[in-house]
Amino acid sequence: MSYFKTAILLAGLTALFMGVGYLIGGASGAMIALVVAAATNIFAYWNSDKMVLSMYGAQQVDERSAPDLVRMVAGLAGNAQLPMPKVFIMDNPQPNAFATGRNPENAAVAVTTGLMQSLSREELAGVIAHELAHVKNHDTLLMTVTATIAGAVSMLAQFGMFFGGNRDNNNGGLGVIGSIAMMILAPIAAMLVQMAISRSREYAADDLGARICGQPTWLASALAKIENAAHQVPNYDAERAPATAHMFIINPLTGQGMDNLFATHPSTQNRIAALQQLATTLGIRAPQRAAAPARGLWGGAPRSRGPWG
């Protein structure tokens, strides 16, 4: 995702933010919203990654505390010709992962304990490679800033509902009606802006991630496991912050598996099919059997050789 497209997206969300401000306070409300949006954009550029990591209680690890995981990330980052990102672990039973950061030089990859406990080393490598593909494609800036701005739009919409909109403008009763419509439509509009870029971005990261780790079927197998678990193991942190759902490799929210207008991700079945087609195109045969789960990646598990280092 180019910086130009990022700027267009932020401009659209800023315009939506101003529109909500206008419904609350007329022209002065729109101007205040513009100032707040500009400040939020600047703050989000520099701090949104820290906010998201803190929101999920992610703890940074190094080669002493999580040697196998950090070495795996380092090896795959080398394959992708990327600087070594920071590595974080989230204490969450749902298998999932995301990447964040304003550029490859300031990137971070975060995985849940559930992911590390339920996937094989090969599957985990596929997931990490997918997240590094987001970093290489400069998707991480877009994902984190979008989550911050979309969350702000939703908060402002709720504020407008409680305070009843702008009753003193020339639109008469439209202020109350507008605030109700704003409460319903503004968060949806912000979500649709996120969804507009999410699907193609995930397909691109799947493709590049499979090439980074060297085996598309590893990622395909991981996606199937994560999708199945996401419907059974709730992610309460994500439920409290749905604006961040598009950042994860699989939608962490319950009941969102359909590939429809409001889905944060493409259909997992379609993603798996695309990866299987890529494996066929590259002439790569699927492994005979899956390896054992990658238990103990935060310290002490025996190392096995692989393309991750």
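From the backbone N, Cα and C atoms, a Cβ is placed for every residue, glycine too.
According to Swiss-Prot, the transmembrane segment annotation covers 7-27 (among others).
As annotated by Swiss-Prot, transmembrane segment applies to 28-48 (among others), with the evidence given as sequence analysis.
The Zn(2+) binding site annotation in Swiss-Prot covers His130, His134, Glu202 and is backed by sequence analysis. The DSSP secondary structure for His134 (Zn(2+) binding site) is helix. Around His134 (Zn(2+) binding site), the same-chain residues six or more apart in sequence whose CB sits under 8 Å from its CB are Ala99, Thr140, Met143, Arg201, Ala205, listed in sequence order.
The Cβ neighbour count for Glu131 (active site), using a 10 Å radius and every protein chain shown, is 29. If you look up Swiss-Prot, you'll see Glu131 marked as active site.
Annotated transmembrane segment per Swiss-Prot: 145-165 (among others), in sequence order.
Sequence annotations record features per position, and here Swiss-Prot assigns transmembrane segment to 173-193 (among others) based on sequence analysis.
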Glu131 (active site) to Glu202 (Zn(2+) binding site): how many Å between their Cα atoms?
10
Sequence gap of 6 or more, C-beta under 8 Å: which same-chain residues meet both conditions with respect to Glu202 (Zn(2+) binding site)?
His265, Pro266, Arg271
Show, in sequence order, which residues other than His130, His134, Glu202 on the same chain lie with their Cβ within 8 Å of the centre of the Cβ atoms of the Zn(2+) site.
Ala99, Glu131, Ala133, Asp139, Arg201, Ala204, Ala205, Asp206, Gly209, Ile249
